[in-house]
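Here's the structure we're looking at; comments come further down.
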Amino acid sequence: MVTGDPQRLPERRGRLRRLSQTPLPDSGPRRKSCKKLQVIICVLLVELCERFTFFGIVCNTILFCTVKLGYDNYLAATVNLCFIGASTLTPVLVGWFAETCLGRSKVLYLCAFLHFFGTAMLPVVAFPFEDFYIDTHHMTHQLEHREQQILFYTGLLAAALGIGGIRAILCPMGAYSLQCYNQHQLLSFFNWFYWLVNLNSTVVFLGIAYIQQSVGKNLGFLIPFTSVLLALIAIHMMRNKLTYKPNKGGSLLTTLGVFLNSLKMCCLHYRHLSGDVGSWLDRAKENNGGRYSETHVENVKVLAKLFPLYGLQLLYRACITQIPSGYYIQTMNSNLHLTNLLLPIGAMNVISILPLLLLAPLIECVTTCYLSKEKTPLAPVKVITLGHVCATLSVLVAGLSELQRKAYPLVEQTLSGKVLQVSSMPCFQLAPQYILLGLAEALVTPACSLISFQLTPSHIRGISLHFLTLSYGGGCFLGAFIIQLVFFLSGGNFYPNILHDGNLERFFFLLATLMAVNTFVFWSMSNRYKDLTVQGKALTISPLTEKLLHYKACLRFYDTVDCSYNNHSVESIL
């Protein structure tokens, strides 16, 4: 029997222990792929629950406000659009708050609680208390109208903040590795991304709208409450793996600060400090007397070229929001009966989603065929113009359909336990306007995301997508403002509470006219967004150069440097 040195035995045991603990060559990639699969499943689960709650609230708000709270049509549409706009804007604002103030983990838990609290408040408002809360003296205890409104708006606000936090932290667009994709791969990604989102909303609109309208009456708001429990479970299971920390490289607050500082410098006429500049934004540079480095200002100048694109999406988004507002009210006042079945209003929303579900695979096939034949597909800016034309035609057709709808005799129809006088025109005759608006959304949204992503440097693409999101949310508030303005200027005639007594078609014709002008303006300036082969180039300079430029600005402030001293002298020093 051969024995070794006793002093070397511990070393051998330690070496064997380390070898046994070392993973096999194949176990590393396998474990990594398994972890990645778990993260993908959890993200999809959270996305499904979040969309389920969001669309569950949206497709029931107008019906609940008009039937249960007694709101006029214009006020119910305004409330719904404000909730959609707030839910669209809060991801940007909550994301900034998480990065700068409280931290992503704490904000995630806070938003999860707000989401739970908001969706719990809505069933409290909608629940039929008169059926359950009867005391021993057979007295019914109901919520007062004012208390009902307070709880309703509190629930909507809390749900909007919670939705924003979940979207910003768990499911941001920056979580997808898109930096190395070319233009056609990016367009394919955005097409399929929005295709999955709309496939989810199809199920939601059909299921929840039918429960709220026909089966469970007011219990439809319990479904968002139930689905948020699934979202909380998913967050608890994978709280350390679902959170995505974006790359540093730009700040929304810094971008806005550059604009404000440039405006301040222009208003105060500090030209003796900076002299002539090529752009008014250059006045925010440190070497021109401003507060920001040359790198920050040049990045903002790249983003400023996209602002006309963002601004022209506001009115387009106001047209898109007619689906959960004007079109919804129009459908609610049409005949929803199909033989003996009462169709949910959400069925018409599904008709608007069908073009999105069908067009994405078609666009993918056409693009692949063009590339295989070495031909150039249609430019994204032309696709956006075509989508704006479809949106204009949709609102125009809605006005013509309203004229036709009022020509039919009135019939009685029960919605959520209340008998309403509605037109006998079948609701399916409103399908063309829904299809045109869905076609517009299928064309515009992926192309806008592609342009915003492609024309900006890689480190500020998140900021670019944030501004695009802000334009979407601003379009919702613009749609609510137009409804309020038209209602008060027309004395309620253009957005009536009883459609047969007013002229809702004039509101649609007005919106179609505004959208036609918006489309013409976008077409006239579309040349600047045609070339996507050259991405936006941001100025990147060394820290030493920035310090020299800052030193130069200080010298010029005390009037100790000759005016001929310029950037070339700094570059010559380096």
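Just so it is clear, glycine is given a Cβ too, placed from its N, Cα and C backbone atoms.
What TrEMBL records for this protein:
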- 39-63: transmembrane segment (TRANSMEM)
- 75-98: transmembrane segment (TRANSMEM)
- 107-129: transmembrane segment (TRANSMEM)
- 149-171: transmembrane segment (TRANSMEM)
- 192-213: transmembrane segment (TRANSMEM)
- 219-238: transmembrane segment (TRANSMEM)
- 341-371: transmembrane segment (TRANSMEM)
- 383-401: transmembrane segment (TRANSMEM)
- 465-487: transmembrane segment (TRANSMEM)
- 507-525: transmembrane segment (TRANSMEM)
Q: Could you give the residue numbers and ranges of same-chain residues that sit at least 6 residues beyond the transmembrane segment (383-401) on either side and whose C-beta is under 8 angstroms from one of its C-beta atoms?
A: 316, 319-320, 322, 326-327, 330, 429-430, 432-434, 436-437, 439-444, 447-448, 451, 505-509, 511-512, 515-516, 518-519, 522-523, 526
Q: Please figure out which one of 39-63, 75-98, 107-129, 149-171, 341-371 racks up the most CB pairs under 8 Å against the transmembrane segment (465-487).
A: 75-98
Q. Hey, which bits of the same chain come close to the transmembrane segment (149-171), Cβ under 8 Å, at least six residues off its ends?
A. 43, 46-47, 50, 53-54, 57, 61, 69, 79, 83, 86-87, 89-95, 98, 104, 107-108, 110-122, 124-125, 143, 224, 228, 231, 235, 242-244
Q. Between the stretches 39-63, 107-129, 507-525, which one has more Cβ pairs under 8 Å with the transmembrane segment (75-98) than any other?
A. 39-63
